[in-house]
């Protein structure tokens, strides 16, 4: 074989080997690239699955409030604004928007358009009915959690629906839902009454108080500051902010830096947050410090309510005494008086001064006590209930726990009287008579309640 032919063959073999080597390198790069793409795709799918799981399942916790929040979030995401369904009856649909507008539209000239959060609650339902009765537009908002019997909240909802007040079911931390409501309705006012209530429960489930009373409040303020126009906001603080204050009666200028419970601390935090949003964004904000509200359609976790239940069922009731063996006293305030205070605050609330999330001028910032001004020992409350129910209570006197509660409350309401004419008119005996009448009727109990014998009490 000629030398030239041998050389050509050798070159050909080397070239083929080189090309083979290049093909191997290319294949390896393709494989590596494919692996990276596959890994990223797998990671993306995993993240999507985690998101779906988080939306559709409540946390592995015994927190009832947290579970309720996740359930309502799931309901909104699956049937509401982000749903592919075209059903007009779902949240965000045409029929839903029509109900929202109709409920929010005032029936009187220059009437208010009010978003009432916690509308299925005790104070919220009464305020919603009062506003509707005088011709204001009212849209309710509530998450119907199970802190106490949800069937009572549903019964209040039925009362409101009979007066054409629609309640949107949702959570305060659901920003898209709140923004949707403000897209549909230019609310003039917000009456913010939604909150996680209860002093003792805060020791068992502190997270629910942070989620509702702080995070939920901030979320509502964030939506309100961006609204056009910005609404004026009246919201429920609490007499509990006075905490370990020893000055008597409690006045708005007294110190509130010693909360005795987490519930009180969240309400105090709310007052500071309100100041911040007023200062930075020009939101008009009025805080109302309620003092032990009672009356028909009340909360089952309140002493007067479960005392009534236990007395009728022959169960023993615990009556607290202070550590130095004094009677515990509360400034019990009848619901109708609280409603008058809420409406008065709404009527005197000035417009917010912000626009597009920016402050344009000084805005109104207020805080008021709403109480009865007449503290009554808890033992006296029990005696009144015994007389109304015709049954002696089985009393168990115990020392009040050192942590979480306070021995007495006493409201000075002179500022609320001065600014919007707030004046409580219902004493405890008259108010409890109205509550007991409602209680035996609502729960279908054979009436053993004594008839009214005092014209003075009847007209109180």
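Keep in mind that glycine also has a Cβ here, set from the backbone N, Cα and C atoms.
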- Note on the structure: Checking 41-61, 62-82 against Swiss-Prot, the stretch recorded as transmembrane segment is 41-61
- Query: Under Swiss-Prot, which of the candidate ranges 6-26, 90-110, 111-131 is annotated transmembrane segment?
  - Reply: 111-131
- Message: Given a separation of at least six residues and a C-beta threshold under 8 Å, show me what packs close to residue 121 (NAD(+) binding site) in the same chain.
- Response: 142, 153, 156, 193, 194, 299
- Does DSSP give residue 117 (NAD(+) binding site) helix, strand or coil? strand
- Query: What residues, ordered by sequence, lie under 8 A Cβ-to-Cβ from residue 113 (NAD(+) binding site) and sit at least six positions away in the same chain?
  - Reply: 104, 105, 106, 136, 137, 139, 185, 186, 187, 188, 189
- Between residue 263 (active site, proton acceptor) and residue 125 (NAD(+) binding site), the C-alpha gap once rounded to whole angstrom: 22
- Sort out the sequence-distant neighbours of residue 129 (NAD(+) binding site) for me: same chain, 6+ apart, CB within less than 8 Å of its CB, listed by position. 159, 160, 163, 165
